[in-house]
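Here's the structure we're looking at; comments come further down.
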Amino acid sequence: MELKIGRAIIKKGLEVLYEYSDVDVAIVGAGPSGLTAARYLAEKGFKVLVFERRFSFGGGIGPGGNMLPSIVVQEEALPILRDFKVRYQPAGDGLYTVDPAELIAKLAAGAIDAGAKIILGVHVDDVIFRGDPPRVAGLLWIWTPIQMSGMHVDPLYTMAKAVIDATGHDAEVISVAARKVPELGIQLPGEKSAWSEVSEKLVVEYTGKVAPGLYVTGMAVAAVHGLPRMGPIFGGMMLSGKKIAEIVAKDLAEEAYALRA
């Protein structure tokens, strides 16, 4: 029995890694913006892979309300909540409360049911680039426990037509790209202190392409563009995820058309 269990895990696990070594879109971070983007891109028929460094979904949703079992979204994000069948309760002044556990579960299920693949426990170590001027063309990754151990282990590769940084406050993928491929011309001022009303609008407004092949969504937008943080309100995160899905889908469709022309 043990032999059959082990072989089944090894066979299927390696098949998954092989199949997803080349994708349309690689999203780094399974938080609210990353999962939202994954669902809307997968629904459009793109091959979507999400890498998450933890062994759980949700990013900052779970502890978001200072560990209380409630978080807030604003009215503009309600259509997304309805898409994912997430329940919400009015809290006044255009704000609504949501159960963080329900939001985590349904964002993840929505992305998976739409066809996105999520691989947990992965640390993205670097980017792949091509061309002059350069374009981001994929990711280098290792398992998170290896990265945490400090041992030197060479990473594996995933090629992608588009890479989305949804890693949150530190914009980890874009930070690496800015440091190691300076020809991309990326500046990273870091996020500012809290101003929730302004940040919720600006994070969505500034969501988009950072460099050829490289995109940003969610709190990473604040780090890249020097915007204020917002705290435990999550509507902007989901709106940013939906917007980046629309931008990437449009760019990939235009690139595919150009190749056929």
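Yeah, the Cβs are placed from backbone N, Cα and C, and that goes for glycine too.
Binding of NAD(+) is attributed by Swiss-Prot to Ser33, Glu52, Arg53, Val124, His152, Val153, Asp154, Met219, and the same site annotation extends, among Gly45, Gly60, Gly62, Gly115, to Gly60. All protein chains included, His169 (Fe cation binding site) registers 14 other Cβ atoms within 10 Å of its own Cβ. Residues listed for NAD(+), Ser33, Glu52, Arg53, Gly60, Val124, His152, Val153, Asp154, Met219, cover a largest CA to CA span of 31 Å. Annotated pair Met219 (NAD(+) binding site) and His169 (Fe cation binding site), C-alpha to C-alpha distance, rounded: 5 Å. A separation of roughly 9 Å, to the nearest angstrom, links the Cα atoms of His169 (Fe cation binding site) and Arg229 (glycine binding site). Asp154 (Fe cation binding site) is 12 Å away from Val124 (NAD(+) binding site) when you measure Cα to Cα.
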